[in-house]
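A.B. asks: Take a look at what TrEMBL says about it:
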DOMAIN    3-120  domain 'Response regulatory'
MOD_RES   Asp55  4-aspartylphosphate
TRANSMEM  212-234  transmembrane segment
DOMAIN    430-528  domain 'HTH araC/xylS-type'
Amino acid sequence: MYKVLIVDDEILSRYALRTLISKNFNNLEVVGEAESGKQAITLCEKFNPDIVIMDIKMPGMDGLEASQKILSKMPDINILILTAYDYFEYIQKAMEIGIVNYLLKPIVTNDTVYKINKVLESIESRGDIQKKSLEEKIESIIPVIEKELVNAFIEGTIDSNEINHYMEVLQYQIYKGYFMLISFQNDDMKHINSSIMKRRNREKIINTVKRYLPFMTSFILGTPIGNTIVLFIYQKEKNNIDTIEESKLIAANLRYKIRIIDKLDIYLGIGNCYKDPNNFGKSYQESWESLQRAIKESTIYHYCDMEKSYKGQVLYQYPIKLEKELTGKLKIGSKEECLLLCEQILENIFHNCFNLNILKDYLCQFIYSLKHKMIELNVRDDMINFTSTISALSSIKESDEVKIWVYNITNYILDKIYEMKKQDETQIIKDIYDYINTNFKKDISLNQVADLVELSPQYVSKLFKDKFNVNFIDYIIGLRLESSKELLKNTKLKIKEISKRVGYEDSNYFCRIFKKNIGMSPKEYRHKR
């Protein structure tokens, strides 16, 4: 139902139009009538009509002036003007300000119905265009939402409500799922354009996956990491299919397609399948461990095969909780805190892994998690390449040398991350400073500023205090008091007005703050100057 507003100072003219509309249109509703241009503006703001039929000649503000004011605020409204004369000057001016058409008085039913229908066609056409544009925008952001969902699965930072929200937006149904990782080796890693070649090869594999995998299963593509492509494969409903055998078959088909089409050898690691979303992160860890074995053996490897190979042994549990804590600290913590956590993780691994190959597997996982964080924080460094890192680690034969190597790599990565964070923090501090100094007279809060820079309020508070040696609230109070002092000295504004101008609605509270910090009341300060 489209909304219509009728504007005419003659009551009979308004009645005639209302009657015509009710008899000829079942998709139009007259939401209001106005008898002046000023009243028309008020009713437009209240009802936001789709169509306004406006008389040109009215006492006070005429129809053209009222139309111009309405269209300046609400350009999507379609205005038809009513005029008793077919004057070119009137019509030309009306079209110039955005009026869509005109109706001649006295009203002719056929002409009026025809012109209103033309307006409705225009509205519906515009609506179709907007709908298509919206659909295109949604289509373009789906891959971003999918990657967010996969990252949340990996990090274990998602609850059932969030999953339901994602499922609603994406229109997916996940009964159970598992991770599959694909990695590849560049033919010539020392080639001058190896990073370009790596990117091209990765894109070729992703395109082949997108082309053929939908015929085999349902999947979501995660964010690629170096040479590694991340796939979350899922079942929409309960079935009796053996997911282990099915996943191996899918992997074998993908490997064959990519070898034939892209002329690339790939390695695939597969995690176990789980129903509980809280275990999807576990499947990712399993797929990662399986990938290390797959790379070494140039094959496909499922985590269940790894479990069988260690049957009778107590499998070491990687310190995933410490890694998650490290991930959080890398975003908001100090370098010293992160270094301490890295040492705890590494000591945990070295203390519990006596087999050199198993030790190397877990160290690769640790380096991989740091590399993942580098990418997430936009830290660019071609020195740390995942595949070449595995090759370098594999070539070391003594555990003592491994220890020295991994500590050196860890320190190098942390240095790179905190070099970038320092640059980012400089820009963040500038953004915070500019925002506060521009908006301190408004009702701003720490949470509001934190949202602006997409950081936690606690981190913003610490960052601010470290930089300016004053807390967030005291800094704003200082700005407001300095501004109020200038107004007290240079204007005759009342204290209540000054209070509002500097951001305090309650003038009594302003006076208390002023006296507490300046040592005298605003009134005393004004008389003292």
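FYI, residue positions are counted from 1 along the chain as it appears here.
Placement of Cβ uses the backbone N, Cα and C atoms for every residue, glycine included.
Bear in mind that TrEMBL entries carry predicted annotations, made automatically and left uncurated.
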A.B. asks: Would you mind checking how many other C-beta atoms are within 10 angstroms of the C-beta on Asp55 (4-aspartylphosphate)?
C.D. replies: 27
A.B. asks: Is Asp55 (4-aspartylphosphate) helix, strand or coil when read with DSSP?
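C.D. replies: In the DSSP reduction, Asp55 (4-aspartylphosphate) maps to strand.
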A.B. asks: Please indicate, using numbers and ranges, the residues of the same chain that are 6 or more beyond the transmembrane segment (212-234) and have a C-beta under 8 Å from a C-beta there.
C.D. replies: 143, 146-147, 149-151, 153-154, 172, 174-186, 198, 201-202, 205-206, 246-247, 250, 253-254, 257, 280, 284, 291, 368, 371-372, 375, 385-387
A.B. asks: Would you mind splitting the domain 'Response regulatory' (3-120) into helix, strand and coil residue counts from DSSP?
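C.D. replies: Looking at the domain 'Response regulatory' (3-120) with DSSP, the answer is 57 helix, 27 strand, 34 coil.
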